[in-house]
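Peer 1: According to TrEMBL, the record shows the following:
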- LYS22, ASN23: phosphoenolpyruvate binding site (BINDING)
- ARG93, ARG122, PRO123, VAL124, ASP125, GLN126, ASP305, ILE327: UDP-N-acetyl-alpha-D-glucosamine binding site (BINDING)
- CYS117: 2-(S-cysteinyl)pyruvic acid O-phosphothioketal (MOD_RES)
- CYS117: active site, proton donor (ACT_SITE)
Amino acid sequence: MDKLRITGGGPLHGEITVSGAKNSALPILCAGLLTADTLALENVPELNDIATMLRLLGHVGTHAERQPHGGVTIRADQVDKLEAPYELVKTMRASILVLGPLLARFGEARVSLPGGCSIGQRPVDQHIKGLAALGADIKLEHGFVVARAKRLKGASIRTDMVTVTGTENLMMAATLAQGRTVLENAAREPEIVDLAELLIKMGAQIQGHGTDRIVIDGVDRLHGATHRVIPDRIEAGTFLCAVAATGGEITLRAADASHMGATLDKLAEAGLSLEYGADWIRASMRGRPRAVSARTHEYPGFATDMQAQFMALDTVAEGTGVIVENIFENRYMHVQELIRMGADIDIDGHTAVVRGVPRLSGATVMATDLRASASLVIGGLVADGETVIDRIYHLDRGYQQMEYKLRELGARIERVSGRE
Ligand code: EPZ
């Protein structure tokens, strides 16, 4: 298993380009199942999760190919399997996003229930409830969701909680249903808007995307389109947390500050000075960051996917930060590892109290999930001495060439390929 070796202590300086958004590319790839025409996508990040999704699409019979410079083409004109097997789904929960499109286009789908995940139980009951409301006959058999519907019928659906992939699954399914579907309590993330924009280019009739009420008027078929995936706001936020912790000055190219309001507000509170334009963000930090407190919330609130990175920042900040994780029940796996690096953190249920210390000390730590890995990288960048992070396959799921980008910014970081 690969490891990352980081020698901490220096500031970050330079420019990097933010990659396409993983959590937009994943549902957008699945939208390719809704038509027999070709989808030509740009700015699809080169990540393990994307590779898994391309494998899954290939498994059902889709021609899904990578093109140069971040392109991907998809053509689902010879789909011959309507099943997502456990082997693929267990490595990536977002596989559930093939359920809605397969059901809507082919009238049938058999998708393995995603197993648990280290950050929480993460059920898909709302996906199932919504598809049933659209008229699907759904059974849970031998660990699979088995769904059938001659043709889905539009309905009014209110999910019990805001769910990102739940909203995406139901929105995609509704594009080919008969009649109008209204999604109440819909997720409002930029990735939802990006997916809706693609579906509209494919001929879907969607309004209200980006609000908590999305209206979809079903059509008989969708056609091909070309689309450029939005920048990854979580990758951008991760690099900004890093420079707020280490000090220095960096510029992010191809970043979209308009998707990052809550993150940028918190970073300014921590003392990062920020300038930004339509597609760039410049950040500089002098001296020690101030501790910030944050409560995770659905978009446009403070993103749960930024929680671990801000905690790493707080571990070396002036003062005490209080972080509350409201979205997932177990998203503090990074805490024990940060404590091994000398952080002073107390957890009480969903609340973490982080008392800033002048410096962390390098240690051997273990990544447990995607964003926890990012927080350990930030810890390693500011720690005295050497930090070795094990199991960084977690990091590779969601960050394209993290060590190359950090080296471009002057960090002393290298990948050590594991023997076992
Ligand atoms: C998406 O996961 C993201 N993944 C996650 O990013 C992100 O953390 C999460 O949204 C919240 O923003 C992708 O977009 C591929 P949810 P998702 O459904 O859709 C509960 C990363 O780091 N829930 O919005 O799975 C659920 O347990 C990943 O890139 C149900 O109970 O999250 C959670 O507590 C990690 N039943 C809450 O709702 C359901 O049917 C929000 O989950 C669905 C969700």
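Yeah, the Cβs are placed from backbone N, Cα and C, and that goes for glycine too.
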Peer 1: Let me spell it out: for each of the binding-site residues (ASP125, ASP305), count the other Cβ atoms within 10 Å of that residue's Cβ, using every protein chain shown. Which one has the most?
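Peer 2: Comparing the binding-site residues ASP125, ASP305, the most crowded Cβ belongs to ASP305.
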Peer 1: So among LYS22, ASN23, CYS117, all listed as recorded positions, which is physically nearest to ILE327 (UDP-N-acetyl-alpha-D-glucosamine binding site)? Use the C-alpha atoms.
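Peer 2: Checking each of LYS22, ASN23, CYS117 against ILE327 (UDP-N-acetyl-alpha-D-glucosamine binding site), the shortest Cα distance is to CYS117.
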Peer 1: Return only the integer: C-alpha distance in Å from ASP125 (UDP-N-acetyl-alpha-D-glucosamine binding site) to ASN23 (phosphoenolpyruvate binding site).
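Peer 2: Rounded to a whole number, the Cα-Cα distance is 20 Å.
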Peer 1: What recorded positions among LYS22, ASN23, CYS117 are found with a C-alpha within 10 angstroms of that of ARG93 (UDP-N-acetyl-alpha-D-glucosamine binding site)?
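Peer 2: Within 10 Å Cα-Cα: CYS117.
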Peer 1: Judged by the number of other CB atoms within 10 angstroms, which among CYS117, VAL124, ILE327 is the least packed of the recorded positions?
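Peer 2: Candidates: the recorded positions CYS117, VAL124, ILE327. Fewest Cβ atoms within 10 Å: CYS117.
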Peer 1: Pop the Cα-Cα gap between LYS22 (phosphoenolpyruvate binding site) and GLN126 (UDP-N-acetyl-alpha-D-glucosamine binding site) into the table, whole Å please.
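Peer 2: Just about 22 Å between their Cα atoms.
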Peer 1: For ligand 1, which among the recorded positions CYS117, PRO123, VAL124, GLN126, ILE327 have a CB under 6 Å from it?
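Peer 2: Going through CYS117, PRO123, VAL124, GLN126, ILE327 in sequence order, those close to ligand 1 turn out to be PRO123, VAL124, GLN126, ILE327.
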Peer 1: Express in Å, rounded to the nearest integer, the largest CA to CA distance found among the UDP-N-acetyl-alpha-D-glucosamine-binding residues ARG93, ARG122, PRO123, VAL124, ASP125, GLN126, ASP305, ILE327 named in the record.
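Peer 2: Comparing all Cα pairs, the maximum is 22 Å.
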Peer 1: If you count Cβ atoms within 10 Å of the Cβ of ASN23 (phosphoenolpyruvate binding site), leaving out that atom itself, what do you get?
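Peer 2: A count of 25.
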